[in-house]
Amino acid sequence: MKVDGKHFRSIWRERDGWSVGAIDQRRLPHEFVVARLTSCEDAATAIRDMLVRGAPLIGATAAYGMALAMREDSSDAGLKRAYEALIVARPTAINLKWALDEMRETLAPIDPLERAEAAYARADEIVEQDVEINRGIAGNGLAVIEAIAAKKKPGEVVNVLTHCNAGWLATVDWGTATAPIYLAHERGIKIHVWVDETRPRNQGASLTAWELGHHGVPHTVIPDNTGGHLMQHGMVDLAIVGTDRVAANGDVCNKIGTYLKALAAHDNGVPFYVALPSPTIDFAVNDGIGDIPIEQRSGTEVTDMTGRTADGRLETVRIVPEGSPVANYAFDVTPARLVTGLITERGVLKPDRASLAAAFPERITTAAEQVG
Ligand code: MRU
């Protein structure tokens, strides 16, 4: 997507052909800084410290992390070490495991001397595949938006609510939840996005607002608690969110607060869509609510806030009384019954086992197959 007219991706191979460039998302929206990753350890740290984040981008970064590792040590032991270092970087997004499994499957059978080249080639494919998938999501989601626009008076705006950042910054390009929005905007549909701020890390306020703004898509940032009110007053036509993992039964794990938005949407008859690439489906998990481990992050994300002062300095301040305990569950699970449809690269699916299995039969695995 565009940043002030110039096309960017969130991650790329640098001109030297081997190191990896990525936008440092911790610095947005205040500073646009590019980081250079030169080792497997750099890639693992980038994922762990949320320099990169968002399920598909975590997978793409891990794939390049494996390629960087193969330059350092392409032996069987090196391959195992790299997989183990990257798999623990973040727990929720299943795209991380998917990408690492793809890389290991490609690399394990071949001569260690050929692994580095093969690793870069496979990582590049994973990156290009993400962009293609998101284009597919864009087209299928566009049909949903067009159907809503068709029921409105000519020239009336379609209002979409989104949560967290499932935009191009969370993927390689286009985004998942934002892909249909960008395409609708490109096609001249009048669209406006309500952007949840998404406490505690504010991915909506800092990232979604930044990317929509720099691409020229009309949007408004709202405090997390506002969505229900807007829905009650007919100010939201549909919600589209991303996801970090979809269980085989259609339950959706996404950024904390997604469940509350789905409840409000259900109560107000607002369609609630989840956009996802197929690597986000986890057929090994049958019950999203019971079986997806939820990442708990540092309490400082709740107690502290960072922003720019009027005189231009970046400052972190504490907003919670000293000594008050805090909890920081980073994700929640929205039950499939609250989801109107899953927007995938192969169509808009019902959120249930049969529909997911029929659309993506090649992705079906059991929990037993996933071990190791
Ligand atoms: O903790 P984050 O910022 O990695 O969480 C990101 C989200 O929850 C996104 O909505 C999700 O990964 C979908 S990204 C296309």
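Note: Cβ is positioned from N, Cα and C throughout, glycine not excepted.
Caution: TrEMBL annotation is automatic and unverified by curators.
TrEMBL has this to say about the protein:
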BINDING   Arg53, Gly54, Ala55, Arg90, Gln203, Asn254, Lys255  substrate binding site
SITE      Cys164  site 'Transition state stabilizer'
ACT_SITE  Asp244  active site, proton donor
- Message: Return the residues near Asn254 (substrate binding site) by Cβ distance under 8 Å, restricted to its own chain and a separation of at least 6 in sequence.
- Response: His163, Cys164, Val241, Gly242, Thr243, Asp244, Val274, Phe331, Asp332, Thr334
- Query: Is any of Ala55, Arg90, Cys164 (recorded positions) within Cβ reach of ligand 1, i.e. under 6 A, and which?
  - Reply: Ala55, Cys164
- Message: As a test of the contact definition, list every same-chain residue at least 6 positions from Arg90 (substrate binding site) whose Cβ is closer than 8 Å to its Cβ.
- Response: Ile47, Arg48, Ile58, Leu96, Glu295
- Least Cβ-crowded entry, counting other Cβ within 10 Å, from the recorded positions listed as Arg53, Asp244: Arg53
- Message: Quick check: with Arg53, Gly54, Ala55, Arg90, Gln203, Asn254, Lys255 left out, which same-chain residues have Cβ atoms within 8 Å of the centroid of the substrate site Cβ atoms?
- Response: Ile58, Thr92, Ala93, Cys164, Asn165, Ala166, Ala170, Gly242, Asp244
- Three-state secondary structure of Lys255 (substrate binding site) from DSSP? strand
